[in-house]
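To start, the structure under review is shown below, and the notes come after it.
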């Protein structure tokens, strides 16, 4: 699931290691750090024609040579199924949690020749597949078509005449449930086909390199925690699962209320407002901050509010907390007490048919046995370094233990969890890898969509002031794009924040048709360290929406004619 993104701009550690015990077990070995210009934003150096950094620390990895297969052996292992475990262990890698993050790590581990097991106490797919990204996109697909069919002027502009649109609530709900089931089955089958052992039970860490599930204890050279998150419900809110619900309940679409209050106007709240209004509900947002959509770039948020909220059956209260919510009962409606966010005084009371709590998500980290390895959570999150190695209560790295995804709180997105898991597998197989979280895109699947990668304009200005450089802003409009005009979808803009002195892309934000698909050219450019003066010469097919991004790069005013060395990666 998605939530507001918090990014740290601290420089990553200069210690290169294949596992978290490197410093402790090899204190007598000199560790070399590659030049800053060769970090390539966390991307594998081999992609740029450089040998792996491992070659410079060959001695460092000799002690763990027996735990890694040669390239040819790894290929043979991946073709033949799950590999043989390291001597003295049941598995090379055990992953606790079979969500998108755990699934991505498991598949990459088997590809690398590691004997791998994944433990799941609920169902394969985790939050994303079963209670998040996947079923919500099924509902949003319905809302998009309903919205288009209901827009008579839009249809007439194509010369089309459509009778009054309607929907079958259970049919819509079944579409979401069937999609989740299909994707869940696909994930399970992909792991079984590669020989990943899927172990059923709640995983608990008993000690270093030892895990228990059910009544069975297993050992592993390395362990990844990938337990995800659950909906966060503030104090004073009573959830009954019927009239006061979380996103988990809403995705079942058991009923469509005439009037629903949505507490929180971030990704989750916005997407559900899109669904409910398309199906005929009236929506009231309750937002604690002084503006709606606080996690978005302010300029994009302002335009999105004009398109996604103001014309629709949506009103809102900002700067207030929902201090108490009581479910509907005995013929009485749901009551919501609103208090001023600053003074804490009662400001208003709402009476609605239903309330959706969309105040973000909380890490699912209880009962994992963290006390057995001296690890204390921080606001529920498991502390990790830039390589996802778990940090104990004394600030020391826990050997052979990693945490990825929502449970570590670095970036609560399903694809971020998967990327973190793949990064960890690279490390445990001998390749130092730091994931550049500023290159990971995010998207809100409203109609039109919103997408973003990197810094917002306020964040970029703050960084520029601290580091002493200027920023530039480039913008392009969907109204100038032929494909968007052909679709009568000209509402939207693309915005890029960059450095005019060297062409570095700091952030890109898009609001418009298929924005979630368009963002990846920018995110890949950031990940690879590609500068504007180089990417502006890339050729885009005409007429396509991708030309919105092409024009964005061409609109930038860069002083440098050639690329500068790629900067040090920034990890969350």
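Placed from the backbone N, Cα and C atoms, the Cβ positions cover glycine too.
In TrEMBL this protein carries:
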type: DOMAIN; residues: 91-421; note: domain 'FAD/NAD(P)-binding'
type: DISULFID; residues: 128-133; note: disulfide bond
type: BINDING; residues: 137, 203, 227, 228, 229, 406, 412, 413, 414, 415; note: FAD binding site
type: BINDING; residues: 264, 265, 266, 267, 268, 269, 270, 271, 287, 360; note: NAD(+) binding site
type: DOMAIN; residues: 440-551; note: domain 'Pyridine nucleotide-disulphide oxidoreductase dimerisation'
type: ACT_SITE; residues: 542; note: active site, proton acceptor
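Everything TrEMBL records as a feature, shown here on the structure.
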| residue | record | CB count, 10 Å |
| --- | --- | --- |
| 133 | disulfide bond | 22 |
| 137 | FAD binding site | 15 |
| 227 | FAD binding site | 32 |
| 229 | FAD binding site | 25 |
| 266 | NAD(+) binding site | 20 |
| 268 | NAD(+) binding site | 26 |
| 270 | NAD(+) binding site | 24 |
| 287 | NAD(+) binding site | 24 |
| 414 | FAD binding site | 24 |
| 542 | active site, proton acceptor | 10 |
Measure from the Cα of residue 287 (NAD(+) binding site) to the Cα of every one of the recorded positions 227, 412, 414, 542, then give the nearest. 412
What does DSSP give as the helix, strand and coil breakdown of the domain 'Pyridine nucleotide-disulphide oxidoreductase dimerisation' (440-551)? 41 helix, 29 strand, 42 coil
Excluding 264, 265, 266, 267, 268, 269, 270, 271, 287, 360, please set out which residues of the same chain place their CB within 8 Å of the center of the CB atoms of the NAD(+) site, keeping sequence order. 262, 272, 293, 358
If you measure every Cα to Cα distance among 137, 203, 227, 228, 229, 406, 412, 413, 414, 415, the residues said to bind FAD, what is the biggest one in Å? 30
What recorded positions among 264, 266, 268, 270, 542 are found with a C-alpha within 10 angstroms of that of residue 137 (FAD binding site)? none
Expressed to the nearest Å, what is the distance separating residue 270 (NAD(+) binding site) and residue 133 (disulfide bond) at their Cα atoms? 14
Candidate recorded positions 128, 133, 227, 412, 414, pick with smallest Cα gap to residue 268 (NAD(+) binding site): 133
Sorry to bug you, but what's the C-alpha spacing from residue 414 (FAD binding site) to residue 128 (disulfide bond), rounded to the closest Å? 6
Segment confidence, the domain 'FAD/NAD(P)-binding' (91-421), expressed as mean pLDDT: 93
Taking the residues 264, 265, 266, 267, 268, 269, 270, 271, 287, 360 listed for NAD(+), what is the greatest CA to CA distance in Å, to the nearest whole number? 15
Looking only at the recorded positions 227, 266, 414, 542, residue 133 (disulfide bond) has its closest CA neighbour at 414
Please work out the number of neighbouring Cβ atoms within 10 Å of the Cβ of residue 128 (disulfide bond), leaving out its own Cβ. 27
Return the member of 264, 266, 542 nearest to residue 414 (FAD binding site) in space, with distance defined Cα to Cα and candidates limited to these recorded positions. 266
Determine, to the nearest whole angstrom, how far the Cα atom of residue 542 (active site, proton acceptor) is from the Cα atom of residue 266 (NAD(+) binding site). 34
Just how many other Cβ atoms lie inside 10 Å of the Cβ on residue 412 (FAD binding site)? 27
